[in-house]
Amino acid sequence: MSSSLRQWFARVLVLTQLINGALCWGKEGHYTVCKIAESYFEEETVAAVKKLLPKSADGDLASVCSWPDEIKHHWQWRWTSPLHYVDTPDYRCNYEYCRDCHDTHKNQDRCVTGAIFNYTMQLMSASENSDTIVHYNLTEALMFLSHFIGDIHQPLHVGFLGDEGGNTITVRWYRRKTNLHHVWDNMIIESALKTYYNKSLPLMIEALQANLTNDWSNDVPLWESCQLNQTACPNPYASESINLACKYAYRNATPGTTLGDDYFLSRLPIVEKRLAQGGIRLAATLNRIFSSKPKHAGS
């Protein structure tokens, strides 16, 4: 890894520590997904992830899971912006890879599902054949994959094309003017932390982990599974997200709407479950990648 990239990681980590609880959804949500995933890593995965992480991460994947958001506005990384989401036709409430996975210039496979397949393939090629390692930056591949599996579980990262996943829908979150996408990226989690967890992200993560071993325990094997022995299966995750976007995110959230307790209390369980699902599925994907068992990336 280059010295400049190491310096960037160090700077991001220091800022993360200084902010101390006032983090945006990108950091809070992605940290939560990756922290949950770490609890489900198999032994081979723990070793592989620690080997690939930058030294500044100190063996903690969660500490660098927001890196793709930190870099995407820098000119040399702008090409990654379309990889964080996939837009679908307005009001169809469904997702199709061949129809939807492209950037604004119609370059196919440039969307969040395509990115998950791509970075899965990169990590698999290295784990299966050491001769290919020189072709990919595996540290970046790990961080991109971990981040994008988080992104695809946010319903409005698989939203409508016409409103850019809710970014152009202006609403009020209680008294604060914002947009619908930001509500789901940030405001729901922020309000939950203040209302239920004394502004403590570790307490929220602990509560989600408790649900995974209790109320959701029967669902975990289903969340972990991929059809057809695939290593990565983001297409069903995208379909889930657009369905949830239509049923919960867009409903009763037209432009100019004030969203308050009714919206918050009915949508928070959706956000919490998507964070948990993202963590379980990230762990399952990385476990399949780094397992010695035969596998394939899928498509």
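Placement of Cβ uses the backbone N, Cα and C atoms for every residue, glycine included.
Here Swiss-Prot flags 1-24 as signal peptide. For W25, H30, D151, the entry in Swiss-Prot reads divalent metal cation 3 binding site, with the evidence type similarity to another entry. The substrate binding site annotation in Swiss-Prot covers 25-30, 69-75, 84-87, 94-99, N118, Y136, and the record cites similarity to another entry as its basis. If you look up Swiss-Prot, you'll see C34-C65, C93-C246, C101-C111, C226-C233 marked as disulfide bond, on the strength of similarity to another entry. Taken from Swiss-Prot, the feature divalent metal cation 1 binding site covers D69, H84, H147, D151. Feature annotation from Swiss-Prot assigns divalent metal cation 2 binding site to H157, H181, D185; the stated evidence is similarity to another entry.
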Euclidean distance between Cα atoms of W75 (substrate binding site) and C65 (disulfide bond), Å: 20
From H30, C34, W75, C93: recorded positions whose CA lies within 10 A of H147 (divalent metal cation 1 binding site): H30, C34
Y97 (substrate binding site) to H84 (divalent metal cation 1 binding site) - Cα separation in whole Å: 15
Listed binding-site residues (Y97, Y136), ranked by Cβ neighbours within 10 Å, top entry: Y97
Of the recorded positions listed as D69, C111, D151, D185, the one whose CA lies nearest the CA of D87 (substrate binding site): C111
From D151, H157, D185, C226, C233, the recorded positions whose CA lies within 10 Å of that of G29 (substrate binding site): D151, D185
Binding-site residues: H147, H181 - member with fewest neighbouring CB atoms within 10 Å: H181
In sequence order, the recorded positions (C93, C101, D185) whose C-alpha falls within 10 A of D69 (divalent metal cation 1 binding site): none
Cβ-based isolation winner (fewest other Cβ atoms within 10 Å) among the disulfide-bonded residues C65, C93, C101, C111, C233: C93
Assigned conformation of H147 (divalent metal cation 1 binding site) - DSSP reduced to three states: helix
D151 (divalent metal cation 3 binding site) and H181 (divalent metal cation 2 binding site), Cα-Cα, nearest whole angstrom: 12
